Amino acid sequence: MRRLLPLAGATLLIAAAGGASGQQAGVGSIITRAMFESMLSHRGDQGCQGAFYTYDAFIKAAGDFPRFGTTGNDETRRRELAAFFGQTSHETTGGWATAPDGPFAWGYCRVNEITPSDPPYYGRGPIQLTHKYNYQLAGDALGLDLVNNPDLVSSDPVVAFRTAIWFWMTAQSPKPSCHDVITNQWTPSGDDRSSGRLPGYGMATNIINGGEECGKGYSTDNAKDRVGYYKRYCDMFRVGYGDNIACRDQKPYGGG
């Protein structure tokens, strides 16, 4: 994750109902423990840090967000989870062109940014939370002091997943949330439409890193990598890719 637009009064609404047990029946009914291990089978390999990411941590974190992976019909739910893991797998990838099992079998290899860009607020966790103001926003929403304790994101796997799902679920005006885009809860404005910003996986890429990857008239290597992971997970979940999976013709939001 490269940049978040500031939020006014960012607040995470965590429902008391539908906690971890509810998510075990919801998200866990699509991403079983066996599926999780198959999706991210190389995360614990030599050279990777990803054994840090566990299925139990994912399910526990998802329990704080009752709408995550549970909105809409079965097809929509599967596509959202494929999209979430597609984007976060790119952010944490350890893959290369000739990697065993292919380049898109190496998601969740990294916990920390390879070359820290803004110490101590460099990229951490599945969404690679970066920069002090993003740690502040996420911490305020989650009830954690991430400004003074940024390493919580790389030392507690539940916190790591919570920051990623929080980002996924949270709109950053004028950007919608990735969740609303993928679950068809977002209606593009006139400006969005004239800028080519339409519902689909490509819009999630635009939200996360549009300034660097979108609106160039061609797909960057990073954008292609995001799509490659997404397609792999859609295939594993037996769901179609949907429309507008690329963002090459989408104008990014101001400042990316």
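If you go along the chain as it appears here, the first residue is 1 and each next one adds 1.
Placed from the backbone N, Cα and C atoms, the Cβ positions cover glycine too.
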Cysteine of Cys48, Cys178 paired with Cys109 via disulfide, per Swiss-Prot: Cys48
Candidate cysteine (Cys178, Cys247) that Swiss-Prot pairs with Cys214 in a disulfide: Cys247
Between Cys247 (disulfide bond) and Cys109 (disulfide bond), the C-alpha gap once rounded to whole angstrom: 25
Distance [Cα-Cα, Å, rounded] between Cys214 (disulfide bond) and Cys48 (disulfide bond): 28
Residue pair Cys48 (disulfide bond), Glu91 (active site, proton donor) - Cα distance, angstrom, rounded: 13
